[in-house]
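Pulled from Swiss-Prot, these are the features on record:
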type	residues	note
BINDING	D82, D84, D86	Mg(2+) binding site
BINDING	C83, C100, C107	Zn(2+) binding site
Amino acid sequence: MSRPNSVRWLNEVQWDDQGLVPVIAQEAASGDVLMFAWMNREALQRTAETGEAIYWSRSRRRLWHKGEESGHIQKVLEIRLDCDSDVVLLKIEQIGGIACHTGRHSCFFQRYLADGSWETVDPVVKDPKDIYK
């Protein structure tokens, strides 16, 4: 990513009433959807400037540099805005191959079955106890 000369581009994003926009992180090489998170204006600006995904943690009420604890950073290759300008898509390279705090490649590891249950379909790549020491 490169350092934008101005921040006018941020004005084109349709922020919600809390100043947030939903963000989808998609692995560029495979097309896999890895996670969903939120960004505020500062997070999106810093993501564009640094080339690494920085989100807004609603639970911690602070910026969250993805991988700051685990080392599983997301290198941002492309930032896209949807047709309504209210969802951001990050095309990323997932360092370490793990995006989910459960130790899986993707946060979307549960599949709905016709009987109304959920099935875990993706394995744990690394035990979270070994990631977050």
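Each position is counted from 1, following the chain as shown.
Placement of Cβ uses the backbone N, Cα and C atoms for every residue, glycine included.
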**Fill in**
When each of the binding-site residues D82, D84, D86 is scored by other CB atoms within 10 A, the minimum falls on D84
**Prompt:** What's the CA-CA gap between D82 (Mg(2+) binding site) and C100 (Zn(2+) binding site) in angstrom, rounded?
**Reply:** 24
**Request:** For C100 (Zn(2+) binding site) and D84 (Mg(2+) binding site), determine the Cα separation and express it in whole Å.
**Result:** 28
**Prompt:** How many Å separate the Cα atoms of D86 (Mg(2+) binding site) and C107 (Zn(2+) binding site)?
**Reply:** 22
**Prompt:** Near C107 (Zn(2+) binding site), which residues of its chain come within a Cβ-Cβ distance under 8 Å, counting only those 6 or more away in sequence?
**Reply:** L34, M35, F36, A99, C100
